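Database features, via TrEMBL:
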- 35-56: transmembrane segment (TRANSMEM)
- 96-119: transmembrane segment (TRANSMEM)
- 126-146: transmembrane segment (TRANSMEM)
- 152-169: transmembrane segment (TRANSMEM)
- 190-214: transmembrane segment (TRANSMEM)
Amino acid sequence: MYIINQQTKWRGGLYLLSKARGILTRHIKNNIKTYFFLLMTFVVGVSAGAFTVNGLSTMQREELTYYFQGFLQLLDNQKVDNIELLKLGFMENIKIIGLLWGLGVTIIGIPFIFIIIGIRGFITGFTSGFIIGMLGWKGIVFTLLALLPKEFIIIPCLISLGVSGINFSRNIIKKKSMHHLSKGNLKTSFIAYCMVTLFFTCFIFAGVLMEAYVTPVFIRMIRPMITS
């Protein structure tokens, strides 16, 4: 009986996973242009951030290098408070999620969604560019192991939230222009919009968990190589 129950749960889980994957695939196909433009905005932000590193003064580079080295020493000498890292990471990302969600329910929010994604790309590009410029190939290793893993989870989710916000904002504009903004349709669309936001927020939280519990382990592992 136990084995049958486990098999039933396993099949149910696979079915839900398959269903979610199908919905996500259709969502991407239906919004491929919006995804493309938001992705390009992020890439432009990354490029701008990486190029900005070259414009730093010697004093600015020294200050950032000192800060980075102090961070590595602190991480090595003291026990990492994973709960605190989790709280900080969650609060940082929940602000961005809330901002993207809020912009989606406004008529003028679309350009600001692009700006937020661009700024997020700038931060990623600047951080990676500075570390690679300071450490060379060691910086590439650090970036691949310490920075990019959680970014591979969080960034696609933020872009998806941006697409969802743009779609909802367009929906409001379209219905207002057609004078067809019924409360029933708006309520249904709003609930769906909130559910999509909650869905991607769960995945972002997985990225935050990785940042709080996995990233410090990777940094400790590669620190001797970086500082040698």
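From the backbone N, Cα and C atoms, a Cβ is placed for every residue, glycine too.
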>> Which sequence-distant residues neighbour the transmembrane segment (190-214)? Criterion: at least 6 residues beyond either end, Cβ under 8 Å.
In response: 82-83, 85-86, 89-90, 93-94, 97, 100-101, 104-105, 149-151, 153-154, 157-158, 160-161, 164-165, 168
>> Applying the under-8 angstroms CB criterion, which one of 35-56, 126-146, 152-169 scores highest with the transmembrane segment (96-119)?
In response: 152-169
> When you check the transmembrane segment (126-146) against the transmembrane segment (35-56), do you get at least 3 Cβ pairs under 8 Å, counting only pairs 6 or more apart in sequence?
Replying inline: yes
